[in-house]
Amino acid sequence: MTVEAGIGYALIALGPSLSLFVSVVSKKPFLILTLLSSTLLWLISLIVLSGIWRAFLPLNSTTWWPYAILIITSVGFQEGLRIFLWRVYKKLEDILDAFAERVSKPRLFLTDKMQIALAGGLGHGVAHAVFFCLSLLTPSFGPATFFNDRCPKMPFFLVSALIALAFVTIHTFSMVIAFNGYAEQNKVDQVFVPAVHMVAALMTLVNFSSGGCLVAIPLLYVMAILTLMHCGKMVWRRLTEN
Amino acid sequence: MAPNSRPTSVLDSLGEEIIRIVTPVSICMFLVVILVSVLDSSSSSPSSVSSMATIAYSETDSDSSWDKFLGALWNSLAFVAVVTVVTFVLVLLFYLRCTRFLKFYMAFSAFIVLGFLGGEIALFLIQDFSIPVDCVTFFVVLFNFAVVGVLAVFMSKMAIFVTQGYLVIIGMLVAYWFTMLPEWTTWVMLVAMALYDLAAVLLPVGPLRLLVELAISRDEDIPALVYEARPVTHSDSGHDGGVVQRRVWRERHNSAHDPAEVPITNSTVNPGLHGNSNNDSASNANGTSIANENTSPGSLSVNSVHNVTNSVAARERLSQDSEDKSELSVPLIDHRINVGSQGHEDAIPSENLALEGVGLGSSGAIKLGLGDFIFYSVLVGRAAMYDFMTVYACYLAIIAGLVLH
């Protein structure tokens, strides 16, 4: 609508991640590098997915089930990427521990490992927000706004910003949960993350129905809050059990 | 959990040097993207900037792709030829020990870039946003800005933050100017400059290689525009008895120079010997005949100089007063500067990263030539004319390349 509105939408989507970045990630250069590399990996995964799906485009936009298949395959691929990231992280942990021994510093603390996972998740979330929200926001810096037919109550930009915020939260904290689940061999955590991701992604299909965004967005936030709470409980448990 | 009660983790300081280079590059790229998107060419800017880079061919929209490509090729060849000639002149001057002339020339070219290019862009901004400012104020402010910039870059005693800021601004101005070249010319020119860099450094008659060999044989620093990050200090490394050691990375595959240990007692290395010696000035935006943007390739070429400069592993022992001097140049750092040698006095530490193209300054700080800044910013700035996702992807790719190398 104006420059202020454009910046406002951008901050809705990315504000919490910005504060997380400034308070946690920017203090430790290694976390900045982790964030950048996880952003890059997420981007590469998107490119691969779009390469695969290029053959099937354009999708028939009147029915919803091609989109469901699209979402299921994409989420599956990204969860596979998460397992791959976990393997890489294990190797990295060994390298870091060896380096710590050499410079006679203590090995990685639990909080360090969680911070690395947080930075990785934040990278994913920021990449998601930039690609699915910020790329659409350029018109919002102009003089008008835009309403979608199936969501006449909220401007399109606001809807995309809110959805992006929910997904940023989900991505950031599910990485922490997932890494912890793989480290502790905790089946609940390991299943929780892909399940939440899939459910949240499929929920966005509800936006297809008229007026659906009024239902989908609160549900999405329920998932985000669920992720947050689960992550909080898990972290609290891990930190107090020592 | 009091954070001070337990020893610092290895995570706190790992990767710090790289981040100190990545940050200014990111800032420069970000500023160029902002400039490009704000001063969009929807406002009627001239269809092409007449400069040295377009003497062979000026692109018009009506030409076919092949014509444009051929024209861009001619442009780039002309540009590379000019750069080669100028670099050889630079080598000659350096050989004849006209160092003072080079330094003054550098200062002059920095003044031109800041004054004229900066002034042009400021004028664009004033036009676009209808900022009410009168010419006298504008002139005074611009003049002061340019003079302070010259002093910051030229003399090393200024606060390092100011120097870094001005270097980033110079990079941004030149990069923005380059993005105003016609499209095909820009892309072909980037490729041509990269190839020229490789040739000039690796070939035995390459001007850059000659320059570096001269500099090494005389143990002098080449005057250049180089961004130097603040050195990394390790708070628990005090066991070297007050001696500041300087590491020069050894180039892995350059067998022409044997890694001699050269103890140098009196450090003549002045990190203030900065300057861009390749810039033939007179960059008047009204398109005078030899308006050229040689700053970029000059610094580009000098940057790759550091590739070959680091082919000799040398260890310097700066005396106590030089250490104070180097501390003066980094006024915000209180601790003794010791680049992580951990007490191994004789052997070259195996943590030598052997990074190519990134060198170490005289106080152990990480350096990156301004040409790299400009190169990346031009790339990203051009991408910004299409779509922001391209910008984002290019940015990530560049950062990945910078970190990994």
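Glycine is treated like the rest: Cβ placed from N, Cα and C.
Remember, TrEMBL labels are computer predictions, not curated facts.
Residues or ranges marked as transmembrane segment by TrEMBL: A:6-25 (among others).
The feature transmembrane segment is assigned by TrEMBL to A:30-52 (among others).
Under the heading transmembrane segment, TrEMBL lists A:64-85 (among others).
What TrEMBL records for A:116-137 (among others) is transmembrane segment.
Summarising the annotation, TrEMBL assigns transmembrane segment to A:157-179 (among others).
What TrEMBL records for A:215-236 (among others) is transmembrane segment.
No contact links the transmembrane segment (A:157-179) to the transmembrane segment (A:30-52), because fewer than 3 Cβ pairs that are 6 or more residues apart lie under 8 A.
Using the rule of three or more Cβ pairs under 8 Å, pairs at least 6 apart in sequence, the transmembrane segment (A:30-52) is not in contact with the transmembrane segment (A:215-236).
Residues 38, 41-42, 45, 48-49, 52-53, 56, 120, 175, 178, 182, 193-194, 197-198, 201-202, 204-205, 208 of the same chain lie 6+ residues outside the transmembrane segment (A:64-85) yet bring a C-beta within less than 8 angstroms of a C-beta in it.
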